[in-house]
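Quick notes on the structure that follows.
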């Protein structure tokens, strides 16, 4: 038991180190994109905290898998310290408490704290009222989110997971079953339903941003950016052309005649365009003479290598996701079970790799962290390229050192939801690994063998799957949270197909696009000249 406790302690210590690394990453990440002129302490802390909570929750996944796998020997028997079922339940409950705590904090952030901070700064920008009036208005709008959260918790608590299978079951029987469900783990069901609903939104965000970013990020690294010198020459020609057009319009009023409304409107547009072109010229001049630009030329081969590596990883994910979904389509128990599969019929690369890495702790920890960070970076690439949209309305643009507090909160909210969906994405890629880790069990073969003594049954060592006996294999708490309601799993299944389609479309679009400007995102028509100070302090 002492050895087991020591190794369990090591697992939790690595989780603690990862927690500190997550906090450091979130701080650097948020500070990189927030506007230094409009930065606010509360919005910064909120963005860092919400993103960190999501990443910490995803970091519990390998701990959960490690604990259930560590309980068993390679020969399929439980270790001495884990033979007692109460001990196993106690260990798993520590993970369950962790999930309860973190998921509750996520609900608090999504439905109360982030909306409140967002609406507070919206009111601050729109009105010059007192702090009390701003807080009152923010609370009024936030109450709608609290109402939605309450409804989700109630639906999750009261929605029965099963219905009587008998044809002659009365409505009274169904109501009795409903209250029986309420009496057992209704808190878990309520929290699971709420988190699954958020994960569903995260799935839509992943389809929109992550799938596109997985193709856009590597191809942008491979193609590189335009040459600053030649881009500046083209911009100088555009400046001369616009200046000539401005002079032509102004020449019409040299004799004292006023300009027509059409000419005044055209002159205003040309002057705005000229202002933008001159700002663009200043930025191009800065990049042309900057030492960092010259260093980037030296680093160009490394960027190409990273781009090739990223596109190979993306293809590995897509192929694994396709094979996993195809396996569910051909061999699952059907849509009413959430497309659950018994065993693995079509193997995919990640489903083979993860159980192998899991035997050498903490290789799977590192791999899961890498997958999560990969999703973060590709999602960020998709958001940066597309901006934050609400249907056909573009709400915010995400730019380095230019992102407003409200946009930063939106950004971290989207990333939080995408990270929540990452756990299900990993399950889609390696369902056996997420459910049981590397657990094995001894299965008694029904066929008998004749021996000198008599007939005897053969014991076969098998990997744990959904058809395994409950007393022989321990299911991870992650799986219980993700698959408490079968209809969410069915929606995720179809969402995976949509993810694959969007990735292919994004890959084609990214291949057809040309190189990006060296000052991409630095100059926009709605920027002021003062915003240059943020780029060139």
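Every residue, even glycine, has its Cβ placed from backbone N, Cα and C.
Annotated N-linked glycosylation site per Swiss-Prot: 75 (among others), in sequence order. Secondary structure from DSSP puts residue 75 (N-linked glycosylation site) in coil.
Cβ neighbour count for residue 85 (N-linked glycosylation site) (all protein chains, 10 Å cutoff from its Cβ): 11. Positions annotated as N-linked glycosylation site by Swiss-Prot, on the basis of sequence analysis: 85 (among others).
Taken from Swiss-Prot, the feature N-linked glycosylation site covers 168 (among others).
Per Swiss-Prot, N-linked glycosylation site is recorded for 345 (among others), and the stated evidence type is sequence analysis. Cβ neighbour count for residue 345 (N-linked glycosylation site): 12 (other Cβ atoms within 10 Å of its Cβ, all protein chains included). Taken residue by residue with DSSP, residue 345 (N-linked glycosylation site) is part of neither helix nor strand, so it is coil.
Among the features that Swiss-Prot reports, N-linked glycosylation site is placed at 445 (among others), with the record citing sequence analysis.
Marked as N-linked glycosylation site by Swiss-Prot on the basis of sequence analysis: 446 (among others).
Sequence annotations record features per position, and here Swiss-Prot assigns N-linked glycosylation site to 455 (among others) based on sequence analysis.
In the predicted structure, the topological domain 'Extracellular' (1-7) carries a mean pLDDT of 56. Here Swiss-Prot flags 1-7 (among others) as topological domain 'Extracellular'.
As a summary of secondary structure, the topological domain 'Cytoplasmic' (29-47) carries 12 helix, 1 strand, 6 coil according to DSSP. According to Swiss-Prot, the feature topological domain 'Cytoplasmic' maps to 29-47 (among others), an assignment based on sequence analysis.
Remark: secondary structure over the topological domain 'Extracellular' (69-98) totals 19 helix, 2 strand, 9 coil, with classes taken from DSSP. Annotation source Swiss-Prot lists topological domain 'Extracellular' at 69-98 (among others), citing sequence analysis.
Here Swiss-Prot flags 120-142 (among others) as topological domain 'Cytoplasmic'.
Annotated topological domain 'Extracellular' per Swiss-Prot: 164-186 (among others), in sequence order, evidence recorded as sequence analysis.
Residues or ranges marked as topological domain 'Cytoplasmic' by Swiss-Prot on the basis of sequence analysis: 208-303 (among others).
Annotation comment: Swiss-Prot describes 325-362 (among others) as topological domain 'Extracellular'.
Taken from Swiss-Prot, the feature topological domain 'Cytoplasmic' applies to 384-406 (among others).
For 428-484 (among others), the entry in Swiss-Prot reads topological domain 'Extracellular'.
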Enter the number of other CB atoms within 10 angstroms of the CB of residue 75 (N-linked glycosylation site).
10
What is the three-state DSSP composition of the topological domain 'Cytoplasmic' (208-303), stated as helix, strand and coil residue counts?
83 helix, 1 strand, 12 coil
Is it possible to list how many residues within the topological domain 'Cytoplasmic' (384-406) are helical, extended or coil according to DSSP?
5 helix, 8 strand, 10 coil
Where residue 85 (N-linked glycosylation site) and residue 75 (N-linked glycosylation site) are concerned, what is their Cα separation in Å, rounded?
19
Distal contacts, the transmembrane segment (99-119) - CB-CB under 8 A, six or more residues away:
42-43, 46, 49-50, 53-54, 56-57, 60, 137-139, 141-142, 145-146, 148-149, 191, 194-195, 198, 406, 409-410, 412-413, 416-417, 420, 477-478, 481
Short question: which residues 6 or more past the ends of the transmembrane segment (48-68) have a Cβ under 8 Å from it?
8, 11-12, 15, 18-19, 22-23, 25-27, 29-30, 91-92, 95, 98-99, 102-103, 105-106, 109-110, 113-114, 358, 361-362, 364-365, 368-369, 372, 376, 412-413, 415-416, 419-420, 422-423, 426, 433-434, 436-437, 439, 474-478
Looking only at C-alpha atoms, tell me how far residue 345 (N-linked glycosylation site) is from residue 75 (N-linked glycosylation site), rounded to the nearest Å.
23
